[in-house]
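Right, one structure below, let's go through it.
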Amino acid sequence: MTTHKDTDRLIRALKNQGFRVEQLRSGRCRVVPPGGGDPVMMPGPGRRTDARALDNARARLRRLGADV
């Protein structure tokens, strides 16, 4: 399990890089790249999640050019 701090830190880093982060009602986040394109779904802020979900989101974001 990862803590909510890991998720919050990742979201903050994405916002600093120009990604748009939208929080959904389900508690998850939709991350849209700066130039547009396909959004990436990831765990939302302030909640504990399994490490695999966060790692998968990081891998998808790296393919979009994020430095995370």
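Cβ atoms are placed via backbone N, Cα and C, with glycine included.
Predicted, not measured: the structure shown is a model, and the values here were computed from it.
Quick look at what TrEMBL annotates:
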COMPBIAS  29-46  compositional bias 'Low complexity'
REGION    28-50  region 'Disordered'
Is the compositional bias 'Low complexity' (29-46) packed against any residues at least 6 beyond its ends, judged by a Cβ distance under 8 Å, and which are they?
4, 7-8, 10-11, 14, 17-23, 53-54, 57, 60-61, 64-66
Within the region 'Disordered' (28-50), count helix residues (DSSP H, G, I), strand residues (E, B) and coil residues, in that order.
0 helix, 10 strand, 13 coil
